[in-house]
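> So TrEMBL has the following annotated:
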- 4-349: domain 'FAD/NAD(P)-binding' (DOMAIN)
- ALA14, GLU38, LEU46, LEU82, TRP350, GLY357, VAL358, ILE359: FAD binding site (BINDING)
- ARG197, ARG198, GLU209, GLY357: NADP(+) binding site (BINDING)
- 228-255: coiled coil (COILED)
Amino acid sequence: MLNFKIAIVGAGPAGYFTAQAFQKAQSDELSFSIDMIERLPTPWGLVRSGVAPDHQKIKTVSKVFEKIAKEPNFRLFANVELGKHIYLKDLRDQYDAVVLATGASKGRKLGIPGEDLTNSLSAADFVPWYNSHPDYVQTQVDLSCDTAIVIGAGNVAMDVARILAIDPSELDPTDVAEHALIKLKQSNIRTVIICGRRGPEHAAFTAPELRDLPKLENTDVFIDPKQIEEAIKHIEEMEEVEKDLKNNIEAMKTIAEHEKKGVPRKLEIKFLSTPLEIKGNGKVEEIIFQKNKVENGKVITTSETFSVKTGLVITAIGYNSIEYPGISIENGRITNIAGHVEHNVYAVGWAKRGPTGVIGTNKSDSNDVVDLIIENLKEPKASEGITGLLKSGHEVIDQIAWEKINASEVISGEIAGKPRVKEVDWRQLISLGRS
Ligand code: NAP
């Protein structure tokens, strides 16, 4: 029986699905000892700090993660940071394979004047703020204006816009951060405009998320029917139309045409608008857009511009992976070929392919990389694994400690009528794990 030691860095969906793929690949001849290393004192990655609080159902995938974690060949080492408490070089030496499932957490920038004004934020700061990420509790968000602009036509832009546009009481029965809920309840924002630079036919939204919008109880959602009519014309000119695109346009047409409730809270999706400049005296006051049009299937700019008075701009235009010593980044992701980085180092998830796909996409992606790793494995190393790599006294959150944190949050949630109340303080999380 050959037993290989595997280190997975990053306890998000891609990390867990990688562990699961190794577990499923075990046989009478082959076994794996899996150590999952995570910077935060809590696992689950974007399922904890990314998925919108009004989408609780998506978070039930954490049950799958806990099942994976219960397997005897799995150990969790949370509160351990790559490049600070443990080094890639050492992991490479001690493990038969190292899998980087470190995601992409740096928000991409627009690169336009005024982007650094106060209250111009990246979704990479705003989303973890409302999701209780301990590093983002201090994110400064001013919700005193009446109109907010969200840049980008993807699902993150839609999450951000929804959280700003719905009645905050709808978040009462969720695990939204308490500090965010207080601010959202005091918010003056009544109009949220999502701005996409291309047409409806190019939007990165997905149909299930679009279909949920007309169901919002306290918010009217608008799309200019003319923009949808134009998009339908363009689609009719295409030789082949993908099913996802048809579903998206159908869902957007429903939004454009459905009867409005006449409520004060409004969410608008505006297409063919490229942000040119954010203006303001120290703080966001206005945003200037260039109008675009679609000609022969291509998006081209026009000389027309328009401006919107706003006090808050949130940019949701994708993410880049962060750098680690010894790892190069290309186009925002870890340089890799089909998941192979170098020697016995691999990448999965957003770190491998960039910030695309839903949680489930990581399953097939991780399966493919694990197949490749197994193909490349030869003789197991005679090494100690993680033993000796961490400084003595370094406080690791292992699976048992995490289960204590988890139980404490769920119990607090039961009392408050929520799925959980997330602890936001790093030290407090560690002490919960110790209790
Ligand atoms: P995304 O789906 O790639 O969307 C990014 C958007 O930003 C696109 O509309 C893109 O427009 C736009 N953009 C990029 N650069 C821009 C620029 N310089 N100026 C203006 N607009 C720009 O990324 P995401 O929304 O961050 O989502 C990441 C992944 O997570 C996606 O696969 C998404 O489906 C997934 N996700 C899923 C859910 C869910 O299932 N509920 C929730 C959140 C996220 P162009 O197309 O013109 O480049």
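Just so it is clear, glycine is given a Cβ too, placed from its N, Cα and C backbone atoms.
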> Of the binding-site residues ALA14, LEU46, TRP350, GLY357, VAL358, which sits closest to ARG198 (NADP(+) binding site) by Cα distance?
GLY357
> TRP350 (FAD binding site) to GLU209 (NADP(+) binding site): how many Å between their Cα atoms?
21
> Among ARG197, ARG198, GLU209, GLY357, which the record lists as binding NADP(+), how far apart in Å are the two most distant Cα atoms?
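Largest pairwise Cα separation, rounded: 20 Å.
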> What does DSSP assign VAL358 (FAD binding site), in three states?
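It is coil.
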> Just jot down the residues in the same chain as GLU38 (FAD binding site), at least 6 apart in sequence, with C-beta under 8 A of its C-beta; none if empty.
VAL9, GLY10, ALA11, GLY15, LEU76, PHE77, ALA78, ASN79, VAL80, ILE397
> Would you mind checking how many other C-beta atoms are within 10 angstroms of the C-beta on GLY357 (FAD binding site)?
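Its Cβ has 16 other Cβ atoms within 10 Å.
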> Between the Cα atoms of GLU209 (NADP(+) binding site) and LEU46 (FAD binding site), find the distance and write it as a whole number of Å.
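If we compare the Cα positions of GLU209 (NADP(+) binding site) and LEU46 (FAD binding site), the gap is 17 Å.
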> Counting only other Cβ atoms and using a 10 Å cut-off, which of the binding-site residues ALA14, LEU46, LEU82, VAL358, ILE359 scores lowest?
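Among the binding-site residues ALA14, LEU46, LEU82, VAL358, ILE359, the sparsest Cβ neighbourhood within 10 Å belongs to VAL358.
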> How many whole Å apart are the CA atoms of ALA14 (FAD binding site) and ARG197 (NADP(+) binding site)?
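Cα-Cα, rounded: 30 Å.
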> In which DSSP state, out of helix, strand and coil, do we find ARG197 (NADP(+) binding site)?
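In three-state terms, ARG197 (NADP(+) binding site) counts as coil.
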> Determine, using Cα-Cα distances only, which of these binding-site residues is closest to ARG197 (NADP(+) binding site): LEU46, LEU82, GLY357.
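Nearest listed residue in space: GLY357.
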